[in-house]
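*Asks:* Encoded as structure tokens, here's the structure I'll be asking about.
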Amino acid sequence: MAIERTISIIKPDAVGKNVIGKIYSRFEENGLKIVAAKMKQLTLKEAQEFYAVHKDRPFYAGLVEFMTGGPVMIQVLEGENAVLKNRELMGATNPSEAAEGTIRADFATSVSINAVHGSDSVENAALEIAYFFSQTEICPR
């Protein structure tokens, strides 16, 4: 199995509910190590750039507004098949469709206020990690 890295963002709704520690426990209990982390208030420019892939979608403006509405917790996760494992832990984008016990089933409110973001591929993970972290900020352990 491949050791991978992926990005995870705990969105403003989950930060506001004070569930960062509960989410971190799920990562660690499932073999994902946190090798970099920072709390950040995203600027409008950062949110627009990070989610630029969605700029032509009808939900883009609302997503950018939501992601700049409060602080986020951004972390790099490392482990075997980290991208897929994190996506399984997150659950479906729509929390009403997310499996019981997933992060979104337990902490998300709606399809647009859905607690967490995670990379969808190893390639996108590398780009997303580089967007928020320099190599010197990542501490393999």
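One is the number of the first residue shown, and numbering goes on along the chain from there.
Note that Cβ sites are derived from N, Cα and C of the backbone, with glycine treated the same way.
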*Asks:* Given that Swiss-Prot annotates LYS11, PHE59, ARG87, THR93, ASN114 as ATP-binding, name the residue from ARG26, ARG104 that shares the site.
*Replies:* ARG104
*Asks:* Please find, for LYS11, PHE59, ARG87, THR93, ARG104, ASN114 as listed binding ATP, the greatest distance between any two Cα atoms, in Å.
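*Replies:* Largest Cα to Cα distance for the ATP-binding set is 21 Å.
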*Asks:* To which of the recorded positions ARG104, HIS117 does the lowest count of other Cβ atoms within 10 Å belong?
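*Replies:* Fewest other Cβ atoms within 10 Å, among the recorded positions ARG104, HIS117, is found for HIS117.
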*Asks:* Within 10 Å of each Cβ, count the other Cβ atoms and name the one among the binding-site residues THR93, ASN114 with the highest count.
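*Replies:* Of the binding-site residues THR93, ASN114, the most buried by Cβ count within 10 Å is ASN114.
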*Asks:* So of PHE59, ARG87, which of the binding-site residues has the fewest other Cβ atoms within 10 Å around its own Cβ?
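*Replies:* Each of the binding-site residues PHE59, ARG87 was scored; lowest Cβ tally within 10 Å is PHE59.
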*Asks:* For LYS11 (ATP binding site), which residues of its chain lie six or more apart in sequence with Cβ-Cβ distance below 8 Å?
*Replies:* PHE66, MET67, VAL72, ILE113, ASN114, ALA115, VAL116, HIS117
